[in-house]
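Worksheet: one structure, shown below.
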Amino acid sequence: MLLLADMDVVNQLVAGGQFRVVKEPLGFVKVLQWVFAIFAFATCGSYSGELQLSVDCANKTESDLSIEVEFEYPFRLHQVYFDAPTCRGGTTKVFLVGDYSSSAEFFVTVAVFAFLYSMGALATYIFLQNKYRENNKGPMLDFLATAVFAFMWLVSSSAWAKGLSDVKMATDPENIIKEMPVCRQTGNTCKELRDPVTSGLNTSVVFGFLNLVLWVGNLWFVFKETGWAAPFLRAPPGAPEKQPAPGDAYGDAGYGQGPGGYGPQDSYGPQGGYQPDYGQPAGSGGSGYGPQGDYGQQGYGPQGAPTSFSNQM
């Protein structure tokens, strides 16, 4: 019963989740940040390496032709030592040089917290979208946290890149041999047999700077969610329409009044078109609807009738 109740809760969460956010840049980049953070702290925090060298004494019975030195994260090399022959009937402890734990641990810590934050932010995007956008506090806090992590990735990746360079120098068998007194004695021969494999550590630095790119790039997508970019994204106002000048369209050189009008002269002017002569008799004579003689003197009025009141007077 308890298992069924738990499954119901899970089903409700899944049903109420907004998984489409994973397809959007804001959520998709968070998934990449989550994955790349895992690679960053896994390749660095789980590292262990080994180097091998040999000491061939003049007295062959005291030689040690296979000295193996192991070291691992967090690279406190000053605590790593191995037994080397003195070629005088005994052995001595030889310690490596350097403590590079601070840069390595700082890098891994940033990666772990980035992993946790990415997972929490992604869960908030999916299941608590309304709470995330309430009062716009979620996007603003998300933007500030993203900016902080971007800066931390820059610092930690740069510090760890320098620390890794120092680790390589400190674990180089040739440099170790130079510091061994027995190797400076005449008749003794010291050789390096195997260098430590540091490809995993190189990968951790690459993932560190990839995380930096992801977090810096994600700043823009989170910034758009805050609404602070709205004033910058607003469309500029359109150009005002040009008002026609008085007399330009319907003025002195108006519609059909001359070369500035819209039609040929005499289209609707006083010299053409329908201009009845109210001085004619009841029939539309003179220059009415048709040419003279069509509806004029042979039309409705009698022939020989006066054509205007002026003729009668």
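Backbone N, Cα and C atoms are what each Cβ position is placed from, and that goes for glycine too.
Feature annotations, reproduced from Swiss-Prot:
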- 1-25: topological domain 'Cytoplasmic' (TOPO_DOM)
- 26-49: transmembrane segment (TRANSMEM)
- 50-106: topological domain 'Vesicular' (TOPO_DOM)
- 107-130: transmembrane segment (TRANSMEM)
- 131-137: topological domain 'Cytoplasmic' (TOPO_DOM)
- 138-161: transmembrane segment (TRANSMEM)
- 162-199: topological domain 'Vesicular' (TOPO_DOM)
- 200-223: transmembrane segment (TRANSMEM)
- 224-313: topological domain 'Cytoplasmic' (TOPO_DOM)
- 238-313: region 'Disordered' (REGION)
- 253-263: compositional bias 'Gly residues' (COMPBIAS)
- 254-305: region 'Repeats, Gly-rich' (REGION)
- 264-281: compositional bias 'Low complexity' (COMPBIAS)
- 282-302: compositional bias 'Gly residues' (COMPBIAS)
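For the topological domain 'Vesicular' (162-199), the DSSP counts in helix, strand and coil order read 20 helix, 6 strand, 12 coil. Taking every listed stretch (26-49, 138-161, 200-223) in turn, the largest tally of C-beta pairs under 8 A with the transmembrane segment (107-130) is reached by 26-49.
Away from its own ends, the transmembrane segment (138-161) comes close to residues 44, 102-104, 106-107, 109-111, 113-114, 117, 121, 124, 131-132, 204-205, 208-209, 211-212, 215-216, 218-219, 222-223, 225-227 of its chain (Cβ-Cβ under 8 Å, at least six residues beyond either end).
Residues 49-58, 66, 69, 71, 75, 77, 84-87, 92, 94, 96-98, 100, 102-104, 107, 205 of the same chain lie 6 or more positions beyond the ends of the topological domain 'Vesicular' (162-199) yet place their CB under 8 Å from a CB of it. Within the chain, the topological domain 'Cytoplasmic' (131-137) has long-range Cβ neighbours (under 8 A, six or more residues past its boundaries) at 124-125, 225-227. Note on the topological domain 'Cytoplasmic' (1-25): its mean pLDDT in the predicted model is 60.
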